[in-house]
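**Q** I have a structure here, written as structure tokens, and I will follow up with some questions on it.
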Amino acid sequence: MSVLPRTLALYNNYIHGDDVLTTKLAVGSVNSGCSVYLRCMWFQYVLFWPLFHLQLAKTHGNIYTLWFGWTPVIILNGYQAVKDGMTTHPEDVSGRMVSPFFRALAKGKGIILASGHHWKQQRRFGITTLRSLGMGKKGLEYRVQEEASHLVEFFLNLKEQRDHSELDAVLGPSQLICYKDRRELPYTNAVVHEIQRFSNIVFVGMPRVCVRNTTLLGFPIKKGTIIMPNIASVLYDPEQWETPRQFNPGHFLDKEGKFVSREAFLPFSAGKWHRVCLGEHLARTELFIFFASLLRAFTFRLPEGVTKISTEPILGGTLQPHPYRLCAIPR
Ligand code: HEM
């Protein structure tokens with residue numbers, strides 16, 4: 001049993017117990033239940049796996065520390081903790097980690113992320129095939145394509161494909177779809193939102209770094225500490241969503257079928273201008289227009305003999321859908 005240094009005033013009682021969370025993780029817990037010490041080498045995997053954090057949150061609460069070697073990473077879980085953590089002192093938590101990845105990005109060097117798996121999938125889906133991704137704009141566009149791929153996947157799995165007729169009822173046959181049309185298409189809009197909630201592609205969140213000493217949910221935090229807002233925990237927060245583990249467009253509809261925005265819908269994270277997703281508006285616009293246009297132009301069917309496609313994500317740079325085939329029949 002080793003003793004970790006006290007780098008945070010908050011986390012000052014280390015009792016290195018032998019609780020084994022899984023066969024691969026050794027966990028040392030504190031009496032306040034907020035510090036977890038990982039002795040495993042696959043910490044990157046662990047750090048970015050939301051379900052793992054949801055499990056830890058049950059035991060350790062909505063804020064706890066994971067120790068990676070000597071480095072503490074503070075994890076925020078659930079809507080309230082993520083919102084308060086990111087918005088109470090937004091400037092204080094506005095740093096980013098400087099990793100070789102970001103250094104290369106800043107120098108304008110492309111980083112190849114290509115894997116045959118993705119591109120095959122994109123060809124099937126008929127989206128422009130990118131041979132490799134420079135992590136400039138193209139890399140970011142890829143997020144939208146990936147989310148769009150989820151859109152069709154989920155649409156196909158919808159048992160009740162009701163009210164997609166609203167597209168025909170509201171839009172003229174040759175009318176181009178605009179983003180403002182979402183106001184007349186509440187069900188379509190709700191489906192797009194629910195897909196982003198249920199099938200979020202950013203698993204835990206992008207790490208932030210404290211740029212000065214600050215407080216987080218009332219706890220003192222030192223400059224340089226890494227903070228991870230667990231976005232999945234917000235999007236599946238049982239206190240915020242009626243059926244968090246079920247695909248349910250009703251989360252975004254009121255009793256009259258009108259679209260309602262939800263505060264806990266944070267797939268792009270939270271905050272004001274400090275470090276929030278710069279592409280949020282573009283992504284939302286593209287996703288809506290893309291999805292509505294596809295549904296109006298085609299009838300989607302699973303190929304013969306296929307009854308269901310997997311909605312389990314594959315952990316990669318983002319959470320990705322499994323490859324799948326579909327038939328798009330022009331309407
Ligand atoms: C469905 C699509 C997308 C999702 C779910 C998404 C989500 C996110 C999230 C969660 C963050 C971290 C924000 C934070 O730390 O508070 C982020 C950052 C960022 N996003 Fe997006 N994003 C998407 C599409 C895009 C697009 C299309 C662009 C640009 C065209 C973009 C540009 C950025 C940039 C530049 C940052 C880093 C901001 C910074 O560090 O200051 N994103 N995104």
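A Cβ is built for glycine as well, from the same backbone N, Cα and C atoms used for every other residue.
From TrEMBL, here are the annotated features:
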BINDING   C277  heme binding site
**Q** Near C277 (heme binding site), how many other Cβ atoms are within 10 Å of its Cβ?
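**A** C277 (heme binding site): 16 neighbouring Cβ atoms within 10 Å.
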**Q** Three states by DSSP: which one describes the residue listed as 'heme binding site'?
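**A** Its secondary structure by DSSP: coil.
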